[in-house]
Amino acid sequence: EVCSELWCLSKSNRCITNSIPAAEGTICQTNTIDKGWCYKRECVPFGTRPEGVDGAWGSWSSWGECSRTCGGGVSSSVRHCDSPRPTIGGKYCLGERKRYRSCNTDDCPPGSQDFRELQCAEFDNVPFRGKYYTWKTYRGGGVKACSLNCLAEGFNFYTERAAAVVDGTPCRQDSNDICVNGECKHVGCDRVLGSDSKEDKCRVCGGDGSSCETIEGVFNQSLPEGGYEEVIQIPKGSVHIDIRELNLSINYLALRGDSGEYFINGKLSIDPPRRFDIAGTTFHYRRSPEEPESLEALGPTNITLFVMVLVRTEPQGIRYKFNAPVGRDGSSLYSWHYTPWTKCSVLCAGGSQIQSVVCRKLSDGSTVPNHFCSADTKVPERQRSCNTEPCPPAWAIGNWSECSRSCNEGVRTRSVFCKRKISASEEKTLDDASCTQPRPKMLEPCNNQTCPPEWVALDWSEAKLPLCPPSPCPLSLQCTPSCGPGFRHRIVLCKSGDHSVTLPTSQCHEATKPPTSMRCNLRRCPPPRWVTGEWGECSAQCGLGQQRRSVQCLAHTGQPSMDCMEALQPPGMQQCETKCESGPTDNPEECKDVNKVAYCPLVLKFKFCSRTYFRQMCCKTCQGH
């Protein structure tokens, strides 16, 4: 395609390009355009300037595979700017080429490994700077939320193992937002990408805050030193837990379960400040020399907890605040329910119906995301067969074929069979009489409009040159001259739409007329060569003389040329000898020296009289010698 990229033949017979298009207006040719010119990087009919076509989006592709099997993954769908593609300077499509949606939003099974931890662990068997490490998630600051930063266990360094985490990975702990294509995207509390759904104070998605009550106060009782004392009980299902000392002290907050085991700062042993995964949520335990001690968790908790204090001195006050579920039993707020049976998937030959399971809020019966219900009590989805009787006979009609002609009345066809579907996998073909009559048409006319006059180009071989007989010209005469650059010709006629009548050329559009000649080059012409004539007569009638001939450099056309190699030029003159009649003569006057020759005494002196030529020229001088 010369219009999009110009290629040239170098002196070393190599095709080279600078990856730039040919200049506007450059003559071009394609399979459908005999003579065109380059216009906006495309070959269009010569002399035309088509308008550019703006691009338009094609259909969205089907949704791809989900990036996660649980916990909220992402699937994507793409579309392309190809309906149509932008051409000849047309505008490209505006809008998004790729879209995303949430999938597999149900909670992962209890005890599942953290999704970031799984991604870091995949690099345990990949050497890092020549060594192998066990990698854990790095949760410190100073890094991008959606890059995979892993900490080498047992070593004091972390590194970025991947520029982007797998789609669906949470951007941060205690956040619904997820990473998509390396960027943090907002996710509503319903775990749907881009959703505006928000939790109420009870952490109920889209709730009105009526399913819980706020418990808050300050504990400042006088306590004996040296042991643990209870501050407040946090019921199961509580959310937004915030426990903190009012002032700096040497006392320590502690947390234990309802069975007596301690999770934080138990057995008179003080834990360092960090995160603790406890009771189905994450507690943030903070303690520093500058700020009072604190415990925070989003919840909900799955067991009842007790906030304790390890007393070392008189408490300065402990503030607590959390939202406890109404009735103090969070699990009773939601339950699993069957939906009504769906419609049968088909009307006959065996279909299916499905009864799905959804999680509903008991207070108003509204459907909520599945993670609000307990996965342990979820009931299985139901499915049953329906409409199992065979279908009645019916015509199975295929698609119409392309019309056989674009004008002047073509035909199109389609397949028509009488069939009966017995089941999803079985179908029988019956006699036409078994189906309702009449049978649908299998053939119909199309494109009945009359074709406009058009140019019809004969084959190149049918262009009779004056030298050609009535039969087609041989290949050597299809190109004139028969060697080197030349032209070949053909006849182009203006014909009626059905090609039955030859019309005056004025009835066809001159701009669309195919070319009647085309450049050609059948073979290289033979190089110029030396041509010699016949040798002339010898210049001497007796003895040695010279004879000449014509020597010319002629091209293959017979015209004189200057391109023959001088080293190969044949000689134009050569020596010749004519026999002389010898013997004594009766007339001494016939033997004489030629007056023009003045060197006869030298001929005698140097004994050249034995040579026929000199003997003839100096006959008198050489006589007797």
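In case you wondered, yes, glycine gets a Cβ from its N, Cα and C as well.
Around Cys38 (disulfide bond), the same-chain residues six or more apart in sequence whose CB sits under 8 Å from its CB are Val2, Cys3, Pro21, Ala22, Ala23, Glu24, Gly25, Thr26, Cys28, listed in sequence order. Here TrEMBL flags Cys3-Cys38 (among others) as disulfide bond.
Within 10 Å of the C-beta atom of Cys28 (disulfide bond) sit 19 other C-beta atoms, taking all shown protein chains into account. Sequence annotations record features per position, and here TrEMBL assigns disulfide bond to Cys28-Cys43 (among others).
According to TrEMBL, the feature disulfide bond maps to Cys66-Cys103 (among others). Other Cβ atoms within 10 Å of the Cβ of Cys66 (disulfide bond) number 19 in total over all chains.
Per TrEMBL, disulfide bond is recorded for Cys70-Cys108 (among others). Its Cβ taken as reference, Cys108 (disulfide bond) is surrounded by 17 other Cβ atoms within 10 Å in the chains shown.
Marked as disulfide bond by TrEMBL: Cys81-Cys93 (among others). Around Cys93 (disulfide bond), the C-beta neighbours below 8 angstroms that are at least 6 residues distant in the chain are Gly55, Ala56, Trp57, Cys81, Pro86.
Cβ atoms under 8 Å from those of the domain 'PLAC' (587-625) belong to residues 540, 542-544, 580 of the same chain, restricted to positions at least 6 beyond its ends. According to TrEMBL, the domain 'PLAC' annotation covers 587-625.
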Secondary structure content of the domain 'PLAC' (587-625), with strand meaning DSSP E or B: 19 helix, 2 strand, 18 coil
Mean predicted confidence [pLDDT] for the domain 'PLAC' (587-625): 76
Close in space, distant in sequence - Cys43 (disulfide bond), Cβ under 8 Å, 6 or more apart: Glu1, Val2, Cys3, Cys28, Gln29, Thr30, Ile33, Gly36, Trp37
